[in-house]
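Right, one structure below, let's go through it.
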Amino acid sequence: MLIDTYGRVATDLRVSLTDRCNLRCTYCMPEEGLQWLAKPDLLTDDEIVRLVGIAVTSLGVEEVRFTGGEPLLRPGLPGIVARVAALEPRPQTSLTTNGIGLGRIARALKDAGLDRVNVSLDTLRPDVFKALTRRDRHKDVLEGLRAAREAGLTPVKVNTVLMPGLNADEAPDLLAWAIEHGYELRFIEQMPLDAQHGWKREGMVTAGDILAALRTRFALAPEGAEERGSAPAERWIVDGGPHTVGVIASVTRPFCSACDRTRLTADGQVRTCLFAREETDLRAALRSEAPDEEIARLWRQAMWGKKAGAGLDDPSFVQPDRPMSAIGG
Ligand code: SAM
Ligand code: SF4
């Protein structure tokens with residue numbers, strides 16, 4: 001098991017497949033993009049499958065989520081999904097994507113063994129989408145969402161970050177739209193993980209703001225703690241059900257004590273937390289021909305050192321060097 005000194009057990013693995021992206025969301029990266037990882041530094045498909053295999057067969061990982069950067073930019077994605085879905089015991093598989101290109105590949109991903117997707121969409125307005133992502137691709141994301149639902153990659157979840165002055169007024173419209181189209185909406189509080197270090201606590205839209213805005217149009221009742229488990233989203237039953245809405249309040253209501261995550265970057269570093277400043281280099285171990293047991297030992301050791309919390313409220317908090325897109329969100 002991947003257990004830490006606080007007794008938490010990591011069963012949910014986030015794998016970043018690339019740090020590259022075809023959007024430039026303002027809360028994530030600068031307009032000019034970032035210095036991407038060099039190809040030889042990226043894990044190969046075989047290396048990814050070997051590490052995920054160790055996590056699933058020896059370390060108790062039960063869920064594998066592919067992310068990035070934009071994971072749909074990774075060539076050979078369906079092949080990676082198929083090999084991971086063929087592991088014993090079979091892990092749950094999912095993907096977090098900006099949805100561009102999903103229209104073309106959703107069916108192939110489903111056939112390869114992908115269970116679910118989360119598609120990021122912050123606005124219903126094409127002009128606001130362009131301002132937020134610096135690209136004119138709103139239509140492609142809507143197409144991707146539709147294709148995911150039709151391919152059965154369900155429940156299709158929609159991740160939304162609200163930004164003041166841009167889309168902060170859209171919360172109720174987004175929820176009405178998500179209910180109408182059969183998507184499960186989750187708002188994510190903006191976190192200090194952008195490469196430009198532009199995050200300001202005073203400037204962010206909080207979970208409290210989001211819930212207040214939703215309540216102007218909907219009745220929200222909290223879902224029981226049992227249903228939440230270790231899930232980061234606090235879920236609310238909308239207008240008596242069956243629809244729900246989630247709010248991931250990583251900043252104002254952190255859920256670190258229930259965290260069950262471990263992360264692997266596209267260049268093979270284990271991270272215990274999005275906000276961790278330490279990494280453990282599994283790529284070096286892989287490439288020096290370490291046996292599986294040694295890699296499992298390094299991974300366990302990394303998780304044993306996981307901190308109690310992200311420490312956002314600690315005056316000594318320092319944003320990690322790698323931005324979210326390079327860690328794998
Ligand atoms: N490119 C894919 C996407 O956008 O879904 C996957 C990677 S992205 C880093 C994963 C999620 O992180 C997205 O839902 C995105 O909106 C969210 N995200 C990115 N930067 C964030 C930030 N500073 N605070 C909160 N969420 C952020
Ligand atoms: Fe790309 Fe996702 Fe970051 Fe937007 S949030 S720039 S889509 S990695």
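Cβ from N, Cα, C; glycine included.
Within the set 130-149, 250-269, 310-329, the record from TrEMBL flags 310-329 under the feature region 'Disordered'. TrEMBL lists R14, R65, K157, R261, T262, R263 as GTP-binding residues, and of the candidates T44, T96, T97, T123 the one it assigns to that same site is T96. Record check: TrEMBL places C256, C259 at the [4Fe-4S] cluster 2 site, and the matching candidate among C28, C273 is C273. Matching Y6, Y27 to the S-adenosyl-L-methionine binding residues that TrEMBL gives (G69, S120, M191) identifies Y27. For ligand 1, there are no nearby binding-site residues; that is, of R14, R65, C256, C259, T262, R263, none has a C-beta under 6 Å from one of its atoms.
Break the region 'Disordered' (310-329) down by DSSP state and the numbers are 4 helix, 0 strand, 16 coil.
When the binding-site residues C21, C25, C28 are screened for a C-alpha within 10 angstroms of the C-alpha of M191 (S-adenosyl-L-methionine binding site), the residues that qualify, in sequence order, are C28. Highest Cβ count within 10 Å among the binding-site residues T96, S120, T262: T262.
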